[in-house]
């Protein structure tokens, strides 16, 4: 479809969506005041978006429009994948509408798909324009719904290609140093592959908005990699060098957006024994090559990231033991942000799987509330906890994407209430109680 025709179609669809929204829900949440940087009219306006403020870091806090900005967000890694085909695109729209109805403001999602089904990058430096337009649509639609995006740029895991696909490409072209997946981090040819991808993505001109990604404030931050690990070098030096090189490269192209590494938060060789003791369980080796404090101190990294999965990491623990661990884990990392790092800390993934023996929906309510309480308490003190993003939310009819952690909000009323409550609490820190009720309307009524 030609760009011009695509723009016309998108304007029509945007207008139709707005009319339907008004017709069916007069009390719909209005995030225009909560996120004044994002337009709500049908169709994304280049002129309007280009003049909008970016989320920025000041010391250990995030700011937007001169006020501290705290994130109640979610993960939906699949947005680009479902935006490719016309018959699945409505699920993307549905997810954004549902999120906004709960006051959620930030979504973390994949901006990569390497060499697999619906691949964005077909081979090094060669991209599928059809899939790139799907990512354009995700960014434009996020803007229309008043949602910011954290876009992850690669995967340590094999899903959606991952670092293994880059290694396979180098091996097939006869330039790879080794077949080890960890060569992604030290092989010069593979590092060059990744830089080509980074430059192409950052300078991509959205066919719907006319903005290059590096100029679009809808994007809150870039994430170098989802859960980077380099087990072949437990010293952490290989992974550290890669993070330093790639973060500097991103910033050489895009100085407007925030940047994070994407780490899970494991303490490494440069950490004290006290910190190492916080790592989850004796079975969890300190040889992943990750080093939370060292990695997060990198000059070009704006905020630190933490993940927490107590049922995966403490498989035989009771609910109380998982709760104690999770509380200690998040609190320790927020304290790092307050102290040694002097940077914001975001819990970019947290979850509890329904596939664990003895699981009850109420267990999620208990553990997720604990995460939200830590973030809210830190926000009230002006601390380093910048927010938390649940893993993961899904739209109805997406069983094929369920991974044990997926939550369809309409099927979990108590979870919807909990998420809404957190949205209101963080809005109250930013705007005051009365301001929060005005900004989020029916969510905080």
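Placed from the backbone N, Cα and C atoms, the Cβ positions cover glycine too.
Marked as signal peptide by Swiss-Prot: 1-27. As annotated by Swiss-Prot, substrate binding site applies to 110, 226, 309, 391, with the evidence given as similarity to another entry. As annotated by Swiss-Prot, N-linked glycosylation site applies to 181, with the evidence given as sequence analysis. According to Swiss-Prot, the active site, proton donor annotation covers 227, on the basis of similarity to another entry. The feature active site, nucleophile is assigned by Swiss-Prot to 349, with similarity to another entry given as support.
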(request) Might you list, by sequence position, any residue in that chain lying six or more from residue 226 (substrate binding site) with a Cβ less than 8 Å away from its Cβ? (result) 110, 152, 154, 155, 156, 157, 262
(request) Provide, as an integer number of angstrom, the distance between the C-alpha atoms of residue 391 (substrate binding site) and the residue listed as 'active site, nucleophile'. (result) 5
(request) Please name the residue among the active-site residues 227, 349 whose C-beta has the most neighbouring C-beta atoms within 10 angstroms. (result) 349
(request) Name, in the order they occur in the sequence, the residues of the same chain whose CB lies under 8 A from the CB of the residue listed as 'N-linked glycosylation site' and which sit 6 or more residues away. (result) 162, 163, 164, 167
(message) I need the CA-to-CA distance for residue 309 (substrate binding site) versus the residue listed as 'active site, nucleophile', whole Å please.
(response) 8
(request) Could you say whether, by DSSP, residue 391 (substrate binding site) belongs to a helix, a strand or a coil region? (result) coil
(request) Round to the nearest Å and give the CA-to-CA distance linking residue 349 (active site, nucleophile) with residue 227 (active site, proton donor). (result) 10
(message) Under a three-state reading of DSSP, tell me whether residue 309 (substrate binding site) is helix, strand or coil.
(response) coil
(request) State which of the following binding-site residues has the fewest other Cβ atoms within 10 Å around its Cβ: 110, 309, 391. (result) 309
